[in-house]
Amino acid sequence: MRQGGGGGERMVSVLFLLLIHLALCQAKCVMTECDGEEDSNHPPCKTNKSTYLPITVTRSLNPTYMARFEKYCSYLVQEEDKAQVCCTELQLKGMTDRISNAATILGSCPSCFDNFAKLWCQFTCSPDQSKFMKVMETTGPKNVVVKMEFKVNRDFVEGLYESCRHTWFANGLALRLMSLGGKVSFENFYGFMGTKNLAQSIPINTEFQFSRMKNAMNIPTTPCHKSAGPKVPACGAIDCPTNAHQLVDISKVEHLGTKVFHPHFPDFEWLLKICGCLALTVLLVFILKYSCHRRSAPNGEDGCYVDLGKGNLEVQFEGLCARYANAVIKHPLIFVSLGLIVAAACCSGNFKFHSLTHSVDQVSAADGETRRNEKKFIHSFGPNHRIEQIFINLPPTTKSMFNMPLFEEMFQLVGNIQNLTACYGNSSVKLDDICYKPIGKNHGCAIMSPTNYFQNKWTNFENAGPPTIDDEIFDDQHWEHLKYCIRNPLTVSTYSEMSCFGEFSGPIDPILVFGGSNESIKGAEMYYTARTIMITVLIRGPEDQAIAWETAFLNMMSRYEMKHANFTFMTETSVAEEIHTAVETDKIVSVIACAAVLIWVITMLGINHWPESSILSALVHHKLLISISAVMISVISVWCSIGMFSLFGVHATDNAIVVLFFVITCLGINRIFVIIRTFQANGHCYGLPNISYREMNHRISNVMRRSIPIVLTNSLICSTCLFLAGGVLPYVSVSMPAVEVFARHAGLAILMDTAFYLLVMLPLFQYDARREMSGKCEIWPWYELSNESKINLCMEAVDGNLRSPVDWFKLAIAPLLLKKICRIWIATFFFVSLIIACYCTLCLEFGFNQVMAFSETSYLTKHFQNMNENLNIGPPLWFVVEGDVKWHDPKMQNKFCTLAGCDDNSMGNKIRSLAYAENYKGNYLHGDVNIWLDSYLQFMHPRGSCCKMDGKQFCDPSNATHCSSCSSSSVASLTTTEYEFYRNLHHFLETPPSIQCAHGGMALAKPAINLTRNGKIQSAYFSTFFKKLNLSDSIQLYDAWRFAKYLADDIERELEIPGVKVYVYSTFFPYYEQYLTLSTTVYTLVVLVLFVAFVTISLFLRVNLAGSLVTVFVLLSSYLHLMEWMYLLGITVNVVSVINMAMSLGIAVEFFGQMLHGFYNSKKPKREERAFAALVSNGSTTLSGIFPAIMITAGCLSFADSRVLITYFCNQLVGIGLVCAVHGVVYMPTLLAIFGSDFYQNVSSEEESTDEAELQDTPPSTTSSTSSTSETSV
């Protein structure tokens, strides 16, 4: 009995002890609200009772508490109607407010946010606080907690960190805002949350203890790729890289490549068309040339099929020219009057002329794709900001940008800019009147500058200081705030209790402010080493007022000096103004060039004889009138071309006009040299004392008959070259209006110059020829050579004793052609050089350095170099969605957004993933991404603090404690009606971003949405940036455009929304669309010009088919050698050089046409002698006429300020002159001597036969001079 009873007593004792132990081990609360405090953000107090147990709350008694509690801590509700908690209602309110603020940062990833909320629910409200929490330090009589110890299982903290470390917020990692120093790491993340910071709503210090002991807090975490609860989606592809997400395949993007001819050779279809055109052309020429009615054969049979009259087509053409010459001789005043009337009528259009000043109008066709997109973008969203920039470069002697004198100067500079006043009409304009204010008119201007981290106030800079003595390790106390803002630009209050936001109430990304940093340093600390400080002022006021202010800004900055740094600057109008300034300087060069050419023409056009003692006798055979008239007519031709185009609203650039005078003067001079040299070479310029009027007419008519065909043929080919390049049918567009307009103006100017040659120069020539044959002085017509002097000159001409400035050519150069060994060496060298030229052509590269538009001494040249070296990011890029999109439909929203629940291949995910991708080959995106729909969805999120309603009244987020959420949905997409969607969208667009609501859409979303009149979204854009692009590398800029276009097309295809289009726009796109078809343009231009040359020469000159083919071959060779010249001088291929390349073919015809005409009109029996005769008569004309005119023009252009003129006109003109001269004077006669015909086809027109018959009736005294001097040149 006792034993049994004793055992029962022991059992009771054990149970009693167990109950006591359980009572002692029961969890308790370790902190609670402080007595008398009503501030929910006040630190808690330590519990006064060691037995402070959790409190029980029920739904029936505490409905408000339970509603707030379940918002973030629903997992702690053990039963449906009650929960055990350690937090009072005041503590709960403070915790939910702090978690709501975190929802703004972490809310895009529900799993991350859920884990984060669990951590602080456990910390604040867990009924098991005493198991894993311990008060380490208190203060005051109320035992206000200063420091807590929080034991957390490592599995939980690692799970929380891993679920959040890839979450993005405001175009950066969210944890960047929740990590010490802005450096995202496990330790910095928990170090930040454990460090007291009232500005960040962290009321106490917390020492996190990480362990895997059983007493450490440990509850399950949700990985980012899993759902945190029913109807809650997993994190999106951007926030959770563990999800399988494939970047857009960009391997199919078309790149320009560096080589012009290798990767972009035309396709087979293009070649087939060209071959077909070639075959048809040859057939047509053969029919017209060789199937016309010739003179009857001895048997009386005709040897052809098409009756075009007596003689070959070219002979008929010469006959027409002869009849025109006779008309000019008979009625010179009528033709001159007609020419003056035409000139006056055409020049009258100059009253409507104004030059192209807007750069985009010069480089991109108005109907091009990029221009159409630009017009749509500006029409939908308004013009882009005008940008004013200042780059401040630290001198080598300055070790760091953290320099007090430097910042003092910067504050002064920014202050001067803000206070700068410009005159505008009768009023004044200040920066505050026109600057961009993203948050509204009541806020400051958007100035991206380091000084704006201090709100551009020197007093704020002086008052900024470190909070503790430990921070004195910095160079100066003022730099702590700046460095903190560089690390965390979204910080609203630093240790100095100052905001990092600028005076425009927005953040300043250090990537836009600091340049020239040491890129080997990772993270935001890289910007501490910046050697360049960038100040950017954004303007979005009326254009006229903005231009007035920019003019004042330029005047101020051009005189401004800084003692402790160097700087460069530019404004939106700088490019146009600097180009205009350079053109004004180049106009002087143009005048000098025309004067130099005129002096050369006066010197070389006449013959230097001094037959009598009077100085006036030396001026008998000079050509002052012809020389001056030729230059003046070329100038008038340019003005006529400009006037005619101006009448139809087609205007050229100032640079184009300057170059036009050079080109047309050179070509016009050549025409005069052709007729004058023909006149001189046949001995017609010398007249006997008794020369008859009919003999004079015969000589003049004969010269005109022989020179007009070659002038017209050359003009036709040259103008055709330019018209083709200028987009005249057959259309060969180079997609650059300034160059196309230049080509059209030049083509028309050549035709006008030819017309004035026929209407004005020929009558003047016949007058001057009569004067010269009569032996009269040009400037004093009353002086006349004696009969003895006239006879002596004629006799000396017959004996070959008279010398002209080009006789050295006849004596030294031309005889080499008669030597077979010389011809072999020349031909061999020609073909070897042709092979080398082909190789160099294949190495020719695309490109255009836009800095070359300015002189080397221009302030813009230095600034562009500064931008290339120091910019950290490229231009902005906009992806525009236009069409009928049902934005209120959640399924449709998922096609565009990047939040949890959105499609992995949504538009936003594609853009954002590429913008954040690193080392992805071929990717051009980098930097911040603005997805307005994401901001709107987060603005509407029920857990957020943005969209709140009080009944039907929208609540200001800064005062919305009494309001309820606009949305009852717990997912990212909005399940609302269309009416509710647009009602809330209006509130969203009018809400500025703030501490209480970071997702307000006024700053970034409002400019991105284009609404119709009834408030529906008509179009909207998502924006990002390009990576850093080389502004001097046009190939890279072109490839960036093609990449963006490919991405937009891919997005549009993936959306599969009928009627919805996606296009891209960036400010530089219109400048590089030209390269899209440039390769094909080069091929097509060459082929078409060669066809035109072949047809024209074959039909209108006395040339057989072999001669035409030789000419075309030499033309092609000259083209290839010109590209070799370009390669050797580093001249890249672009629309400017392509126009010059097309023009070179036209100029080459001026060289080759004369040689060909001279060869096939020579009566020598052998082809070597005929080539010799052509070289003597026509080669000297070329080397004394157009060739020196080109070289003189190029020499004058070398003094121009514009490097575009120097590179693409001066250097290229030198190449054109040298290549054409060598081909026309060396290669052409050599090939004709080898492959040309051995006979002269003596077919005469009716006029030629009539002239010969008339000469037979002429007395011997008058014909002797003609017959004796007809071959003096050969």
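Even glycines carry a Cβ here, placed using N, Cα and C.
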- Query: Choosing among Cys955, Cys963, Cys966, which residue does Swiss-Prot name as bonded to Cys947 by a disulfide?
  - Reply: Cys966
- Query: According to Swiss-Prot, which candidate among Cys121, Cys164, Cys224 shares a disulfide with Cys73?
  - Reply: Cys121
- Note on the structure: If you measure between the CA atoms of Cys125 (disulfide bond) and Cys73 (disulfide bond) and round to the nearest Å, you get 9
- Candidates Asn426, Asn566, Asn690, Asn787, Asn1010 (glycosylation sites); min other-Cβ count within 10 Å returns Asn426
- Item | Those recorded positions, out of Cys34, Cys73, Cys164, Cys240, Cys997, Asn1010, that come within 10 angstroms of Cys947 (disulfide bond) at the Cα | Cys997
- Message: Over the span of the domain 'SSD' (586-767), how high is the average pLDDT in this prediction?
- Response: 79
- Return the member of Asn48, Asn518, Cys946 nearest to Cys164 (disulfide bond) in space, with distance defined Cα to Cα and candidates limited to these recorded positions. Cys946
- the transmembrane segment (1204-1226): which same-chain residues, six or more beyond its ends, come within Cβ distance under 8 Å? 586, 655, 658-659, 662, 813, 826, 852-853, 1114, 1117-1118, 1121-1122, 1125-1126, 1129, 1131, 1136-1137, 1140, 1143-1144, 1147-1148, 1150-1152, 1154-1155, 1175, 1179, 1182-1183, 1187, 1190-1191, 1193-1195, 1197-1198
- Message: Looking at the recorded positions listed here (Cys34, Asn426, Cys485, Asn1030), whose Cα lies nearest to that of Cys435 (disulfide bond)?
- Response: Asn426
- Close in space, distant in sequence - Cys121 (disulfide bond), Cβ under 8 Å, 6 or more apart: Tyr72, Cys73, Tyr75, Leu76, Met95
- Message: Can you give me the same-chain residues 6 or more apart in sequence from Asn419 (N-linked glycosylation site) with a CB-CB distance under 8 Å?
- Response: Lys430, Leu431
- Translate the DSSP assignment of Asn959 (N-linked glycosylation site) into the three-state scheme. helix
- Spatial neighbours of the transmembrane segment (1172-1194) far in sequence, C-beta under 8 Å, 6+ residues away: 593, 596-597, 600-601, 604, 662, 665-667, 669-670, 672-674, 677-678, 681, 804-807, 809-810, 813-815, 817-818, 1147, 1150-1151, 1154-1159, 1162, 1164, 1209-1211, 1213-1214, 1216-1217, 1220-1221, 1224-1225, 1229, 1232-1233, 1273-1274
- Query: Hey, which of the disulfide-bonded residues Cys87, Cys500, Cys897 is the loneliest by Cβ count within 10 Å?
  - Reply: Cys500
